[in-house]
Amino acid sequence: MKALKYLNKYLLKYKWYLILGTIFTIISNLFGIIPAQLVRYALDLVGETLDVYYLFAGSALQSELYDTFAFTILLYGLLILAMALLKGIFLFLVRQTIIVMSRHIEYELKNDVYNHYQTLPTSFFRTHNTGDLMARISEDVSNVRMYVGPAMMYGINLIVLFILVISYMVTVNAKLTLYVLLPLPLLSVSIYIVNSIMMKRSQEIQKQLSALSTYVQEAFSGIRVIKSFVQEKHSFTNFKTEAEDFKHKSLRLAKVDAFFYPVIVLLIGISNILVIFVGGKEIMNGNLTPGNITEFILYVNMLTWPVMALGWTTSQIQRAASSQNRINEFLEVKNTLVSDKNIEKPLDGIITFKNVGFIYPDSGIQAIENFNLEISHGESIAILGTTGSGKSTLAHLLCRLYDPTEGEILVDGIPLKDYNVNEYRRQLGYVPQDVFLFSDSIANNVRFGSVDMPQERIELAVKDADLLRNIQDFPDGFDTRLGERGITLSGGQKQRLSIARAIARDPKILILDDCLSAVDTNTENIILTNLKRIMDERTSVIISHRVSSAKLADKIVVLDEGRIVEQGTHTELMGKNGAYKELYEKQLMAEEV
Ligand SMILES: Nc1ncnc2c1ncn2[C@@H]1O[C@H](COP(=O)(O)OP(=O)(O)OP(=O)(O)O)[C@@H](O)[C@H]1O
């Protein structure tokens, strides 16, 4: 329950919705109670007037009496109708305040969680799967909304109704009130138990449903592999097993559901019988009128729904508390990649690695060890090495996605840690190894958030990335949509688009992480020559395991198991007969073959 305290700040912000909602609840309940009393008056009036009516049988006065009597009953009827209408209007207002408040809170909470996710370091996203992140921002937030919305609304309604109805019932007849209320706690407890069971079972269904949809999504994403390996039958068998499980769980819920409503109706029926039985005796003793009994029956029926909702409300609150707990777990994670000094300055691009070492926190793998390197302004550096030698890790450190565990990185002589992270990253152009494009137009993928980027700049970046001809071939040109509802680019095209996105931002430091692996050497040469021109006065770091990508760089660094094994220009390294030359000859031979 403590977890729900987090929501108080939102409740405080929307306190007027809550206060007005409570006032409307009180008014709407008053318009529910008054008709019950009108029914009593009407019924008692009928009883009393009938005796007088029969007394005047045969006389002219009888029909006059009938007219007055009918008019009074009609008046009561109209009054009851007006009350029902007013009650309806205020119920509408209750929903318009409390439910609207819950939607506002849901919106704000979702925004806050999303914003917080964005501040978290990449290591966080490695240790938590996307499904979990999505569940907390969607399902968990929805559960919390059920608490600040319907659960709170029914809770307030129950309290208000109980105070109004019960205090009135006690003044009429305390004994009958006690009998009437007897089955209600039983009703509430049984609803709570059944609700908890139902909720547990619905959660199981929900879980199975997401397993089923994940399976279907994966199966159809990989449909080409399934078809080429003739695995349709196997895939269907797996689907059937998952669907069978879903059906079994749904039937289990249906069983409880079927049992639930008859029990409720039974308990309400018992309450009504008690009113009639005990109330009848009280009439015979002269303590009550038949109008009172009808009124009590109306009260019992007014109370049953809120009492039924009590069980539901409590289980909703519990559910919201556990959801909010899960949300808080993530909200409490703090971003460690912060800066004390928050330096903001235009970069020159002088990079110094000083005894840098890095161990991945989750795997304990030492990816970089005692790494020293000086990159001057406008220099292009190629980092070469076999798989797993730590090349991408260097790119991550340079983007400050992680901080070194040993040593430090300086940019323009200032520790990287002292820069304002966003301002620093804004001046970087990073092309990651695993290219990611959004389901949007080509132009928007290049523009990527910089809404005011002129079209000429986009076209120039695309041209420098040697992709212009391909885009011109698409019927919609730069407006061609990518992704699920659009076209699929080839691996090389994706890499080039990703390069265009980085260079369009006019970066001071460009980092290309093995992003030319899917293009042929000819295209690679064109792009690298273009980059040399664009990056003339800026620093570029080209990571690759292909010698052809490294050849044109001012300096080449060869990495092995996180350490520098060789460095120098292409000519210098070729003269050394070391790892670089060996790699060069091997790759040259492979190309010739
Ligand atoms: N997020 C991570 N968590 C834990 N260990 C990691 C992580 N990323 C990389 N590693 C490990 O760190 C080492 C260096 O990986 P890195 O990705 O830097 O190599 P690389 O030289 O870029 O390889 P490749 O050319 O295959 O991309 C590897 O042993 C890898 O298993």
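Note that Cβ sites are derived from N, Cα and C of the backbone, with glycine treated the same way.
Curation plays no part in TrEMBL annotations; they are all automatic predictions.
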According to TrEMBL, transmembrane segment applies to one of these ranges: 16-38, 39-61. Which one is it?
16-38
In the same chain, who gets a Cβ under 8 Å from the transmembrane segment (258-276) while lying at least 6 residues past its ends?
176, 179-180, 182-184, 186-187, 190-191, 194, 198, 293, 296-297, 300-301, 304, 308
Please report, as numbers and ranges, the same-chain residues at least 6 past the borders of the transmembrane segment (176-198) whose CB is under 8 Å from any CB of it.
166, 169-170, 253, 256-257, 259-260, 263-264, 267-268, 270-271, 274-275, 278-279, 282, 288, 296, 299-300, 303-304, 307-308, 310-312, 314-315
